[in-house]
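Okay, here's the structure, questions in a sec.
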Amino acid sequence: MNAASRTSYFERLIFKRHEFVLETNGNLGALEVTTFISLILFSVSMSQGYRYFSRSSDDRAGLKFLVASLLFLDSAHSFTSCYIIYYETVTRWSRSEGNSYPLSVTVLLESIITFIVQNFFIHRIHRLSGKRIIALLCFAMAFLRFVAAVVISAESLIDVPKTPNGVFVHSIGWLIGAALAVGVATDLLIAGFMLYYLRKLFSPTNFKSTTVVLNRLIRGSLQTGLLTSMTSVSVIICVRFLSNMVWVGISIILAKLYALSLLVSLNARPPKMHREEMVTQPNITSMEINELAPKRASAI
């Protein structure tokens, strides 16, 4: 290799690297930052999962299996999120593309986690209210969001082999926005119904420990509902106004927030000694106590 060819080679290499940085500032850069944040949230989820299993001896296998499945999906989601970074920075570092198989799988895992968590809280609403119509309404909206997310994931997988890829977002951007909007509405409905029916359990005759537990559950329902809703709204804004992959990065964080909301909700339940104290109060039924601190799979 003569001096001229060596110079030409290094010039091309420097150009490619420079081009890579410029093209992926809003794509890979956003994914790196949000993946780092999601890993912090993942560590919190693991600690919450450990806490749950260390004090879940009264729960039936159905609830334990649900939590174990959620932790497995959350772990798989973290793995694929990290693999996106490796794939883009190592496997195909010399070219920047808007889509890949690990990215598409990550979006699919997020939709599954969201669907599981939303249905967990929908079942809680059904147990607290005893009204099937409310649960069916929330389930229909959650299912609609899930189906739309699966369609988006399928379109993303089909788009990967194309050159260039990633442009499918512009053609189905309306579907992404609609799915997220339905998800926001579902989260707000779930939070609203949870707040309403938990408030109905308040009474001047409640013991102090019961009031503390109810306040904790109400505060948790409000915080998690608003947090997931505002994050979904952020994704909608990014899809609508930014022509990069920032929305995918925020959706990675969204999956972690959903998983955390379920685990924190379970760990917010009162311990067994307070549960027995609460069931002696005339204004709270045994079914409601099972909902606040379920001992059977029917209270998932």
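Cβ atoms are placed via backbone N, Cα and C, with glycine included.
The transmembrane segment annotation in TrEMBL covers 33-53, 65-86, 101-121, 133-152, 172-198, 224-242, 248-268. Residues or ranges marked as domain 'DUF6534' in TrEMBL: 184-269.
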Based on Cβ pairs under 8 Å, which of the stretches 33-53, 101-121, 133-152, 248-268 lies most in contact with the transmembrane segment (65-86)?
101-121
At least three Cβ pairs under 8 Å linking the transmembrane segment (33-53) and the transmembrane segment (172-198), pairs spaced 6 or more in sequence?
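Answer no, regions not in contact.
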Cβ pairs under 8 Å with the transmembrane segment (248-268): which stretch of 101-121, 133-152, 172-198 has the most?
101-121
Summarise the model confidence on the domain 'DUF6534' (184-269) as a single mean pLDDT, whole number.
77
Six or more residues beyond either end and a Cβ under 8 Å away: which residues meet both conditions relative to the transmembrane segment (101-121)?
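Same-chain contacts beyond the ends: 66, 69-70, 73-74, 76-77, 80-81, 83-84, 87, 138-139, 142-143, 145-146, 149-150, 152-153, 156-157, 159-160, 183, 186-187, 190, 194, 248, 251-252, 254-255, 258-259, 261-262, 265, 300.
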Below 8 angstroms Cβ to Cβ, which residues of this chain, lying six or more residues outside the transmembrane segment (172-198), approach it?
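Same-chain residues near the transmembrane segment (172-198) but 6 or more away: 114, 118, 121-122, 124-125, 128-129, 134, 137-138, 141-142, 144-145, 148-149, 151-152, 155, 214, 217-218, 221-222, 224-226, 228-229, 232-233, 235-236, 239-240, 247.
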